[in-house]
Amino acid sequence: MSGETFEFNIRHSGKVYPITLSTDATSADLKSKAEELTQVPSARQKYMVKGGLSGEESIKIYPLIKPGSTVMLLGTPDANLISKPAKKNNFIEDLAPEQQVQQFAQLPVGFKNMGNTCYLNATLQALYRVNDLRDMILNYNPSQGVSNSGAQDEEIHKQIVIEMKRCFENLQNKSFKSVLPIVLLNTLRKCYPQFAERDSQGGFYKQQDAEELFTQLFHSMSIVFGDKFSEDFRIQFKTTIKDTANDNDITVKENESDSKLQCHISGTTNFMRNGLLEGLNEKIEKRSDLTGANSIYSVEKKISRLPKFLTVQYVRFFWKRSTNKKSKILRKVVFPFQLDVADMLTPEYAAEKVKVRDELRKVEKEKNEKEREIKRRKFDPSSSENVMTPREQYETQVALNESEKDQWLEEYKKHFPPNLEKGENPSCVYNLIGVITHQGANSESGHYQAFIRDELDENKWYKFNDDKVSVVEKEKIESLAGGGESDSALILMYKGFGL
């Protein structure tokens, strides 16, 4: 390929510059060309390229740089150099890391509160974080029709998805400082009248239950998208119903399904796992078909299919007759950032998933070691060549995260079972990606918020308080377990490990 040319891009300070060079070009040629385009002196240029370009000037850049690729360039342009002040001032560099992120990163966009609509805003943010669902809605073409569900009033469900698409487009494009989902809200109230309930005295719209909205939106999307949507969330159970007083009275149901797991909260529930197991193993009283008398039955559910995305609902609200409202269980119930549900599966299914889990854990260990190694590699601050502004540090981290994300996903994928169903989790492990919280004493008052994990940085989370969006530390998420009327986890969104 000697003597031929190839094209690629360099990205610097948010701008992309196309470059054409000979396949024989050296790093010195690249730096000279980049200096013309960006005004970053050659000596200050740093390239995010595997193998590096900061050594000998005679290093050939092809095939270190692939044709059509985009390479991140770091370095301060000559015109923007500012000498260090003699005395300390309050510059960006003096801010805490999370404050620097908020200065340089384009924060996600929030939703305007239209009067007791925080339940809608928090739910939409959580759904938007589910990338497969987000893409499905953004790519929705109304002319493609709806599923063959046979549901009545399919057109109104189609309209809900269309309005969700408009909202998601605004979140994605960041066209406005905040999004006003008024048309979606009106469509929801038309389809589901409970969300149009007004206060009998003030006449204003009442606060609603975010979990109820979550369920109804799932219903609408199931009607519009059918299995294409449902498979990513469908949990399948093998249910055994047994009369505790008669060993011969046993019923087994193989294919029961749901779109979420419930975490039951009793006076002894301290951890989410206990609440989930309690929800899968219950006692009920019913009439026996064999004896004709009422009897106590044990209902044991074992999971026989795990979805790509797992939704967990904390059953915090219960109907209180004395107040005629859904009151809230304030108990603290700790949830994990990584959830392993191996002990909730049928024995055969567990054996398959545990085998894959162990292989994925090896990849995760290697990934964590590489990340620790990268963090240890710091640029020498005493060298003018290696001076990095906070903006460059931020861009460096983003570039590293983006470049490595696909690589590790491919590594995980190598260990997926060949018979994996569409929308199925390859293992029995999930990572937390979002939490919808409630603040207050009952579902008809208080405030809902969403806490969403960054798609590239697992340690960075965003707090969505309607249209006010901020970055929070991972430690803040741990405090959402409850224990009072402050933010308490209500709905948790998990994504399959390695996906």
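Every residue gets a Cβ built from N, Cα and C, even glycine.
Thr389 is the residue among Thr76, Thr389 that Swiss-Prot describes as phosphothreonine.
Within the list Ser27, Ser288, Ser322, Ser470, the entry that Swiss-Prot describes as phosphoserine is Ser470. Counting neighbouring Cβ atoms within 10 Å of each of the recorded positions (Cys118, His447, Ser470), the lowest count belongs to Ser470. Per DSSP, the secondary structure of the compositional bias 'Basic and acidic residues' (365-374) breaks down as 10 helix, 0 strand, 0 coil. In the domain 'Ubiquitin-like' (6-80), helix, strand and coil residues by DSSP number 18 helix, 24 strand, 33 coil.
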